[in-house]
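Encoded as structure tokens, the structure appears first; notes follow it.
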């Protein structure tokens, strides 16, 4: 009968237990942080690659999906928090695709500009264009 109940625990021990419980809960809510960070970085890279100009729809989709992932990660619902990582991965993939399409469009534009320069130089020199051969 000498077993102490929880009512007799010192306040500091109770505070420590409560803090530990809160820390575990906070860690569970931020479990998707690595995926979110990668998705954020992918969106920034896409913006730097002028995806706003060359792939605006994809970049906007990536941004919206990233916001959904961030909202899910902070949700009080366990089910929604579980959706944060897949949403972040989808946002990362969309942002990467937007970046690659933007880079491709820029390379294609540069190639076309060089072809135009070559054609112009051929005309100046009086040479036949490649298509006329």
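Cβ coordinates come from backbone N, Cα and C, glycine included.
Record features (TrEMBL):
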- 1-28: signal peptide (SIGNAL)
- 34-113: domain 'DUF4398' (DOMAIN)
- 90-124: coiled coil (COILED)
Residue distribution over DSSP helix, strand and coil in the domain 'DUF4398' (34-113):
73 helix, 0 strand, 7 coil
Per-region confidence, the coiled coil (90-124) (mean pLDDT, whole number):
96
